[in-house]
């Protein structure tokens, strides 16, 4: 493929944003990787690698780090946002006066914005019905950077943008599958991090493999209830953005959310566990957002509710498990 005429801007230089930047730059595309932290950008520019969040993977010549948001967006049509969900709205607001009508917005952020809003709703409110896309699926940043085989889902509201973005990203080692269910993909990405905390807690308490499998399976049911209420497709649940990402995040210790849950299950204080991770723990923030959404729409999500009580009401993890085990039996 010939490199695209215009550079692509990636807003967010954490591990996942950097991994996606590497995928694009290795295909010869010009990539501008933006971070709001000037000292971090200085390091990346001097060292040619993101030693803070994704060390050992040198930047190709076409990948440049930026701190000036305006400069990073100049002459750019396609923007890929990869910041924590709690910062998503702020980034959209900051870039709003710097873009034009031709801009197309994609994101690799997984979660809900403040007020339990889906991210495409935030984009539509601030920017109108621009071409949008969300990328999600089982994709550990270190494995993507190491060029290990990975498959993700890309859902969009615009067929041309979907086609172009898949062409930008897709390769033998990074396979991108088209999807038209933005709602389902976004909600799956929000809930799976909460369930990863739950399975981490279970494993930290040494409850065994049977319990882990049960949590993943019943968690998928909770995910399905939420997706159904908001008009998402049930097929998304068994795809890469649903079951695929859920299994990976709940079982691999590279998952920050799982490691956070493990620490809580082992009796580590919440604040100490959070500090030990070193990067954003999406499930910690999104438990509150998903919990509020479930309460508002009367959706039964017992695992999510117990994780919320552990994180925000100081419920002891052992007690949370006991209460789940004491629930009345129901039809599967």
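Backbone N, Cα and C atoms are what each Cβ position is placed from, and that goes for glycine too.
Keep in mind that what you see is a predicted model, and the values were worked out from it rather than measured.
When the candidates 102, 110, 114, 178 are compared with the NADPH site entry in Swiss-Prot, which names 15, 16, 141, 256, 282, the shared residue is 110. The record from Swiss-Prot ties 110, 137, 139, 192, 255, 256, 257 to sn-glycerol 3-phosphate, and of the options 181, 245 it ties 245 to that site too. Ranked by Cα separation from residue 137 (sn-glycerol 3-phosphate binding site), the binding-site residues 15, 16, 110, 282 are led by 110. The two recorded residues residue 141 (NADPH binding site) and residue 255 (sn-glycerol 3-phosphate binding site) have their Cα atoms spaced 10 Å from each other.
Neighbours of residue 141 (NADPH binding site), defined as other CB atoms within 10 A of its CB across all chains, total 23. Its Cβ taken as reference, residue 245 (sn-glycerol 3-phosphate binding site) is surrounded by 26 other Cβ atoms within 10 Å in the chains shown.
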